[in-house]
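See structure below.
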Amino acid sequence: MAVSVDQTLAGKYPAKLHAKRVAARIQELGHGDSGIIYLEGQKTHMIEDSDGEMPFRQRRNFFYLSGCPLPDSYLTYDIKADKLTIFIPPIDPASVIWSGLPLSVEEALEIYDVDAVLSTAEVNASLAHYCSAQGGKKVFAIADQVSPHITFLPFQEIDFDVLKRAAEESRVVKDSYEIALLRRANEISSKAHVAVFKAAMSARNERELEAIFVGACMSSGCREQSYHPIFASGTNAATLHYQKNDEDLVDSVTGQRRLNMLIDAGAEYRNYCADITRVVPLSGKFSPESRQIYDIVLEMQNSSLAMIKAGVMWEDVHSTSHRVAIRGLLKLGILRGTEEELFEKGISVAFFPHGLGHYLGMDTHDTGGNPNYADKDPKFKYLRLRGPLASGGVVTVEPGIYFCRFIIDPYLSSPDLGKYINADVLGRYWSVGGVRIEDNVVVTDNGYDNLTTAPKLPEEIEKLATEK
């Protein structure tokens, strides 16, 4: 019988398992089987020229080994003794007046998967005690994440190089608890996308739909967004990471309602991210040109998903998506030539300029992708994930086709490349802006598990958009 998300998340975040995993990776990288792992949580920071606090975001590697979201905290992991300790801020009477009582040591020990909880005032003493008991072994830390008052003087060796790499490589493969967190983030985000579909026809401005999305996420338990949401109407959708989210949905020049809204948005649930993109017609029905492009992008995604399993080279999946785009644009008459010629010339990059996807976890663009931004092939330059897919890794699959004049015009004006694009046919598609469809999937040995439940068939989206 399958364990439900609720059952899984009723347990503790598996910090101890993660600490062991990172320690094992340190050993695999040739740095020994003993020593202390030392990490600091994010500090409380103040807004410049203000007495207000900056929004807090816990350091991801610290959270991975602690499960602790508290600011100004620390951790140590004694590799040989297999002892994980977190240090949390003590009670400050002056702060209690304003903020209430903080978490106690006893409460923290009940909540977190650790062996001991101490006050942050005891960090240096604890480190010194370890050195005394173990003969001054090695400490592993991240160079720019050690507070000035922390002293490693008693240690024989300080390693600032391997810990960050070991933690980030360990984070690529998710355990069942992490997948449950990602699944919950996707469930909540998918419902919020549906709420936007249902409001699309009546909305007057991009920000209204953003507010509906964020409100739906918050009411379901996600206070934070994984990234700044993208609510791009009409031709704004040709900008990949459009940020304004504040334009009217009726064009001020033509008086016409814009065709579509591209929604790239995902909630963060207990530090784990969803990253979902959908497109909804603002009239309730896709225009013929919009539907043609949508169908191509959906085929790009379906073809990519069909290839996914552990060990498959991500570059091959990405290339397949480009080929599907080429075939679709040839059929519409936007492109001219043969599939092979267009692929080799990189013409599809004019319409699909970004990578197919990336790893997902506590960061939207999660660790382990090994991108190569120096790649001279424009098809692969912005591919954030390279190499074979890892079983248990979580990836986004997000093909798209865009009609961005800034990108396409140089192709049109090129003596070598312009002949492959039919400018007359292309002219009918500028108003589509862009279409992207993005799901989050767990890579398995024999395929994938799609965490994203937001509808993506065009008929389903149109039905939701026109519901009364």
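Glycine too: its Cβ is placed from the backbone N, Cα and C atoms.
According to Swiss-Prot, the Mn(2+) 2 binding site annotation covers ASP264, ASP275, GLU438. ASP275 (Mn(2+) 2 binding site) carries neither a helix nor a strand DSSP state and counts as coil.
On its own chain, GLU398 (Mn(2+) 1 binding site) has ASP275, THR277, GLN301, LEU356, GLY357, ARG436, ILE437, GLU438, ASP439 as residues at least 6 apart in sequence with a Cβ closer than 8 Å to its own Cβ. Feature annotation from Swiss-Prot assigns Mn(2+) 1 binding site to ASP275, GLU398, GLU438; the stated evidence is similarity to another entry.
Taking the Cβ of ASP264 (Mn(2+) 2 binding site) as centre and 10 Å as the limit, one finds 23 other Cβ atoms among all the protein chains shown. Cβ packing within 10 Å was compared across the binding-site residues ASP275, GLU438, and the lowest neighbour count falls to GLU438.
When secondary structure is read from DSSP and collapsed to three states, GLU398 (Mn(2+) 1 binding site) falls in the coil class.
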